[in-house]
Amino acid sequence: MANFPASLLILNGKSADNQPLREAITLLRDEGIQIHVRVTWEKGDAQRYVDEARRLGVETVIAGGGDGTINEVSTALIQIRDGVAPALGLLPLGTANDFATSAGIPEALDKALKLAIAGNAMEIDMARVNDKTCFINMATGGFGTRITTETPEKLKAALGGVSYLIHGLMRMDTLTPDRCEICGENFHWQGDALVIGIGNGRQAGGGQQLCPTALINDGLLQLRIFTGEELLPALFSTLTQSDDNPNIIDGASAWFDIHAPHEITFNLDGEPLSGQEFHIEVLPGALRCRLPPDCPLLR
């Protein structure tokens with residue numbers, strides 16, 4: 001692999017002491033691969049390191065962390081307007097790793113790192129909310145948002161993605177649906193939503209396939225709404241993905257407008273955004289990402 005250009009790894013600070021990762025990087029450096037490593041400490045670090053990556057002339061910026069880290073790095077990359085932006089590499093090190101998992105990124109660190117450096121760079125879409133905040137994987141509202149936002153860090157560290165489900169079951173008595181109106185291309189719905197998923201990617205909340213047919217290079221966003229008054233049946237519908245469930249509404253559009261009479265919160269790759277009006281649009285071919293040849297998210 002000695003002929004591959006240099007890469008810069010932006011590593012979430014929580015993984016800075018990951019010994020297997022240190023060993024994998026050392027082995028690749030011994031093979032002649034140039035890998036710069038930078039560790040994030042606070043919000044804004046990813047943007048600064050992407051700027052540094054441009055100055056260093058690297059061809060790949062690797063996001064080492066969970067969906068939030070991938071979001072920060074990819075958002076910084078699409079801000080580059082002059083010249084060709086570095087490609088995005090994925091190194092899944094978070095609690096759930098929803099985007100990387102659905103994209104088929106290997107779980108083994110050494111294999112994921114090699115793919116992030118040497119994999120084919122494919123153009124993929126991103127999405128933008130209210131002309132400002134971006135997401136690469138999914139925007140979730142309702143039950144899913146409240147659970148992923150409120151699940152304690154210690155529970156996530158101990159149990160991983162299943163912690164979201166456990167915390168959700170514990171909070172059943174306090175969760176109510178959100179009344180809203182959602183419009184898109186040839187789509188209109190109004191009612192009470194228990195769960196809303198608007199996906200560029202397919203899964204969120206620790207492995208739940210909210211938008212199972214989503215693709216990241218088709219110029220569309222997939223929508224799935226779980227309706228109804230009773231939360232427990234909707235939760236089990238989320239887990240079983242019943243195709244004939246009358247409480248599941250699906251749609252696809254390059255954009256969606258959402259209006260609610262009260263404030264609701266969407267979770268954008270782990271980042272909460274609250275309001276009553278949301279305009280969500282796809283950004284076709286917004287960045288290049290190094291993905292496996294059999295990536296299930298590509299058409």
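Just so it is clear, glycine is given a Cβ too, placed from its N, Cα and C backbone atoms.
Cross-referencing T95, T101, T133 with the ATP binding residues that Swiss-Prot gives (T40, G66, D67, G68, T69, I70, N71, E72) picks out T95.
Taking the Cα atom of each, E271 (active site, proton acceptor) and N71 (ATP binding site) are about 9 angstrom apart. Around the Cβ of L215 (Mg(2+) binding site), a 10 Å sphere holds 21 further Cβ atoms from the protein chains shown. If you draw a 10 Å sphere around the CB of L220 (Mg(2+) binding site), it holds 21 other CB atoms from the protein chains shown.
Listed in chain order, the extra residues whose Cβ falls within 8 Å of the Cβ center of the Mg(2+) site residues L215, D218, L220 are D125, A214, I216, N217, G219, L221, Q222, A252, R299. Confidence across the domain 'DAGKc' (2-133), taken as the mean pLDDT and rounded to a whole number, stands at 95.
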